[in-house]
Amino acid sequence: MSKSIEKMISHLKNQGFVFQGSEIYGGLANSWDYGPLGCEVKNKLKKVWWDFFVKKNPLNIGLDSSIILNSKVWKASGHIDGFNDPLIDCKNCKSRWRADKLIEEFDPSINTGIMSNLQLEEYINQNNIVCKKCQKKDFTQIRKFALMFKTNQGVLEDDSSIVYLRPETAQGIFINFKNVQRSMRKKLPFGIGQIGKSFRNEITPGNFIFRTREFEQMELEFFFDPNDSNDWFKYWLEQIEIFLTQKISLDKNNYKIRENLKDELAHYALKTSDIEFNFPFGWGELWGISHRSDFDLKVHQNLSKEDLTVLKEENNQKILANVIEPSVGVERLMLAIFWQAYTEEQLEENNSRIVLKLPYNLAPYQVAITPLSKQLNQNANQLFLELLKDFDAIYDETGNIGKRYRRQDAIGTPFVITYDFQTLEDQKVTIRYRDTMKQERILISQLKDFLNSQFN
């Protein structure tokens, strides 16, 4: 059986993971709501990231900065002047496209990052690139399209009240660098981690939850002395790989690390590597790590006139810290996890099943408890309530036992415990493994130890 992104999306919708945003009003393009099971996966993923990169790493601490910041922040960072995409319109069907993406889809070997708008325009004309929607070649001139959502704060709507929804969480960390460093008495090197919503008015978002206008980021800004002999870029790249393979069980065959060429680097970056995942629509950026030099602290120090340097005790020298930034989108990481987990299996006797082979620590429910007969409902429910004290458990007594197994397979529950009549005699239950469908009997008194051994 061959899986497709369309079938996976349909499955996730039907099972309560992801819903179309504003669906009863016809929806809103690229807006998604996370249902009861989707928000469980999302919250667990964020907790795993936070525990690994912030709580359990002695170098790092956390922050939760505002979504709406003083507009001077975005002036200093370069977002107001330079955070835009090349927009091109089809005169025939009125559809809008990112000019660079049209070229990259026409020829993936072209590095559009180093091309001016005029060069993009010339390439489209010379190569007879057509509109993806109507297949006509009749475009407007390319113009800059600002990616930040602009609004006004307060009762007056004039230039003095303009504010923006943040397009990244990083700047909230940079402007709080001195506050955090002073209040927590931190010495270099140290990192500040943050999870939060960001907003980008993308021209052509798409591919389900891969690229949306509203999304969550998990970012770490790691500050260090530029004369530090440690290779912090290498260290954090290794930590990302440990997280991907050991914490959320991503298959190494499904991702690759690509170092950006010099002409691909952002204006602030000395070095950047992308961890790319083999999504159903091809390879795409999953996680980025950049050496941002001292760019961010320098521009904020220059515009704010605040001293953002750190004093080195050994020689009383003031320095501006350099920054390594590992940054990942929550939804994009979820898409990779869902795509790897979504499995269609052909079983014996022309039977089949859809199973979400989610990592145990990300499954919405760790265990399901089900009675074999209505006569056993009370006993099974008592066991459920006992397990609920220590585990994410669900109780299911609807339909026959086969349908209950399929339901739990479909939402990724690692174990199903069946309470049957024999349980009344030997105090043993049947436990079924999601991935192998193997079953075994185990004493109720040993259940918690067994489950703890599986999840820890």
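Each residue, glycine too, has its Cβ placed from N, Cα and C.
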For the substrate site that Swiss-Prot lists with R98, F215, E216, Q217, M218, E219, E325, P326, S327, V328, G329, give the additional residue from the candidates E168, E264, E276. E168
Using C-alpha positions only, work out which of the binding-site residues F215, Q217, E219, P326, V328 is nearest to E202 (ATP binding site). F215
List only the single closest residue to Q217 (substrate binding site), chosen from the binding-site residues R200, R211, V330, R332 by CA-CA distance. V330
Long-range Cβ environment of L286 (ATP binding site), under 8 Å and at least 6 residues apart: Y255, D274, I275, E276, F277, V328, R332, L333, A336
Where the distance is taken from Cα to Cα, which of the binding-site residues R98, E219, P326 turns out closest to R211 (ATP binding site)? R98
How far is it from V330 (ATP binding site) to E219 (substrate binding site), counting Cα to Cα, in Å? 10
Is it possible to get the count of other C-beta atoms within 10 angstroms of the C-beta of Q217 (substrate binding site)? 20
